[in-house]
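TrEMBL lists H109, H113, Y130, D294 with the feature divalent metal cation binding site. The substrate binding site annotation in TrEMBL covers Y130, V131, S132, G133, G134, D162, G177, E181, N266. What TrEMBL lists as domain 'Gcp-like' is 29-300.
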Amino acid sequence: MTVVIGFEGSANKIGVGIIRDGEVLSNPRRTYITPPGQGFLPSDTARHHRGVILKVLKEALDEAGLKPCDIDCVAYTKGPGMGAPLVTVALVARTVAQLWGKPLLGVNHCIGHIEMGRLITQANNPTVLYVSGGNTQVIAYSERRYRIFGETIDIAVGNCLDRFARVIKISNDPSPGYNIEQMAKEGKKYVELPYTVKGMDVSFSGILSYIEDAAGKMLTSNQCTAEDLCFSLQETLFSMLVEITERAMAHCGSQEVLIVGGVGCNMRLQEMMMVMCKERGAKLFATDESFCIDNGAMIAQAGWEMFRSGQVTELSDSWITQRYRTDEVEVTWRD
């Protein structure tokens, strides 16, 4: 049996997970949380990761009941992501691989999400909606590549939600998106916002600029509540995402949708996608926050697939790539 340990730290979460032939043996993580109204800077995030990564590594090994000699391969997030946090994790992974005498594998962050989603949900060949703080893409597999059918042309959907949370000073604990989701459940009034779909692509910067400018005025004049704005923003953003996902499904003749990435655990997004899938006679696959949100096990799972298909990253090639495209990776482990 093949055992792979995965290190993830592309944004504000640091995680170490261990996979053994499709079984998650451990998956601890820590989150860098900033005060309300503030985002997280790369340097501060990297400092947080450096401070806890060895504790998380020990926790992962202890939880799995394994020793370094039991590990077959060390996988780490090569990109995409924030530079300083990625470098921190890559350095630790490279050091661990050399100390333990194990092969090393650089993993694409998005493909980690996809392979973890496929493992947990048992989706066969889905159209994938990848939504997170740094990425928004609609993806389908074809001829040894995960092909990008549509994506954001500016900021990611998670980044749009996070930045709105800063405007109205929503707490970052446990995450801005989660707190927006809870507030949106109390929203009663829909505030019309810009809706920008361009073919297979989406744009979120305009809606963010509009709501940033309008929020203060509307809240001060009691035209709506903060809960109304959270509700309206979610409804608009998620409608755009459902539209481009359905268009990709139609193009591919697909009857499966898999939602991955941190925003993917939003129950309202899952609910809206479910309605579309039912209308098409399709199936929706989604997971909860334990696997949607960045974690080490997803990197370990993608690394497991890559390692079993004969891939290894030479030490001289084990750098990071902040703009690492999903479709750059040759998928050697699928048909």
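Positions of Cβ are set from backbone N, Cα and C atoms, glycine also.
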Next item on the list: Let me know the most crowded of the binding-site residues, choosing from G134, G177 and counting other Cβ atoms within 10 Å.
Entry: G177
Item checked: Pairwise Cα distance maximum in Å, substrate-binding residues per record: Y130, V131, S132, G133, G134, D162, G177, E181, N266 -> 18
Notebook entry, point to check: Using Cα coordinates, what distance in whole Å links H109 (divalent metal cation binding site) and G134 (substrate binding site)?
Noted result: 11
Margin query: Using a 10 Å cut-off on Cβ-Cβ distances across all protein chains shown, tell me which of the binding-site residues (H109, H113) has the largest neighbour count.
Written below: H113
Check: Within 10 Å of the Cβ of N266 (substrate binding site), how many other Cβ atoms are there?
Finding: 26
Notebook entry, point to check: In terms of Cα spacing, which of the binding-site residues S132, G134, G177, N266 are within 10 angstroms of D294 (divalent metal cation binding site)?
Noted result: S132
Item checked: Cα separation, H113 (divalent metal cation binding site) to G177 (substrate binding site) (Å, whole number) -> 18
Check: When you measure from the Cβ of Y130 (divalent metal cation binding site), how many other Cβ atoms are you left with inside 10 Å?
Finding: 26
Note to self: Sequence gap of 6 or more, Cβ distance under 8 Å: name the residues on the same chain that satisfy this around S132 (substrate binding site), in order along the sequence.
What the structure shows: H113, A156, V157, G158, G261, G262, V263, G264, D294
Check: Between Y130 (divalent metal cation binding site) and N266 (substrate binding site), what is the CA-CA distance rounded to a whole number of Å?
Finding: 13
